[in-house]
Amino acid sequence: MLYLIGLGLGDEKDITLRGLEAVKKCEKIYMEAYTSLLSFGLTTDGLSTLEKLYGKPITIADREMVEEKVDNVLSEATSFDVAFLVVGDPFGATTHTDLVVRAKELGVEVKVVHNASVMNAVGICGLQLYRYGETISIPFFTDTWKPDSFHEKIQRNRELGLHTLCLLDIKVKEPTWESLCRGKKQYEPPRFMTINTAIEQLLEIEQNRQESAYSEDTNCVGLARLGSEDQMIVAGTMRQLLAVDFGAPLHCLVIVGKTHPLEEEMLNVYKLKGESLDHKDDATA
């Protein structure tokens, strides 16, 4: 049996009782470690905290292992119970859907234990979940690569008056170009996109395209460390959020669409002190 187990967003205590029961009966435990991170996973003792709770060792499954060597994991699951731990919910990333498909092809039985993810926890900012359009991912710009294809999705959401959840880039165990050329992998230090960087890139794209999908005056919500004890939620215009220090990762950003009065009341709870949200931008989106 292969168990896909969601860990939630905060710390080791966010696992469900069903998930914990499944982990404790598994002979091998893997933890996926590249699509997201638990807040305590950013510290050196994060893994040992999990291992202490489970009473078992955990093997880190990085991107290379999951995408290139996952057949080894599935092979083990034909002989004994294997747990594959995922931050948030198991289906928050397409990689894990592919894992289920490959398991089924090999005749491996799969059980899924769901948990909270950014896709539903973002509701804490007060914007109604059924008023969101297509979610986008914003990758880091480089000197030679500045992707902007997601701009059209934001524009489409805005035209429909829908909110846009922006998931921000995570670079974990990324090989350097130099090492790839030499044929011996060396890895870049981990990098996590901030809300500030995301807004800077979004404004640069809009400046280049001149399509009026959004502007410095567009209302947004910045969310950092969602689901953790020290989570931070700030509502304001893009210009206002650029000046905010959101602290440690992980960050995400919501571009606000048309708002209901109740949504506006909730957003005002998170607005910057001394500032008020201008809903003219949303009404004409």
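Our numbering is plain: 1 for the first residue shown, then up by one each step along the chain.
Glycine too: its Cβ is placed from the backbone N, Cα and C atoms.
Remember, TrEMBL labels are computer predictions, not curated facts.
Note that this is a predicted model, so its numbers are computed, not measured.
The S-adenosyl-L-methionine binding site annotation in TrEMBL covers LEU9, ASP89, GLY92, SER117, VAL118, LEU168, LEU226, HIS251. For 1-241, the entry in TrEMBL reads domain 'Tetrapyrrole methylase'.
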Just name the winner among LEU9, VAL118, LEU168, LEU226 (the binding-site residues) by count of other CB atoms within 10 A of its CB.
LEU9
Restricting to the record's S-adenosyl-L-methionine-binding residues (LEU9, ASP89, GLY92, SER117, VAL118, LEU168, LEU226, HIS251), give me the longest CA-CA distance in Å as a whole number.
17
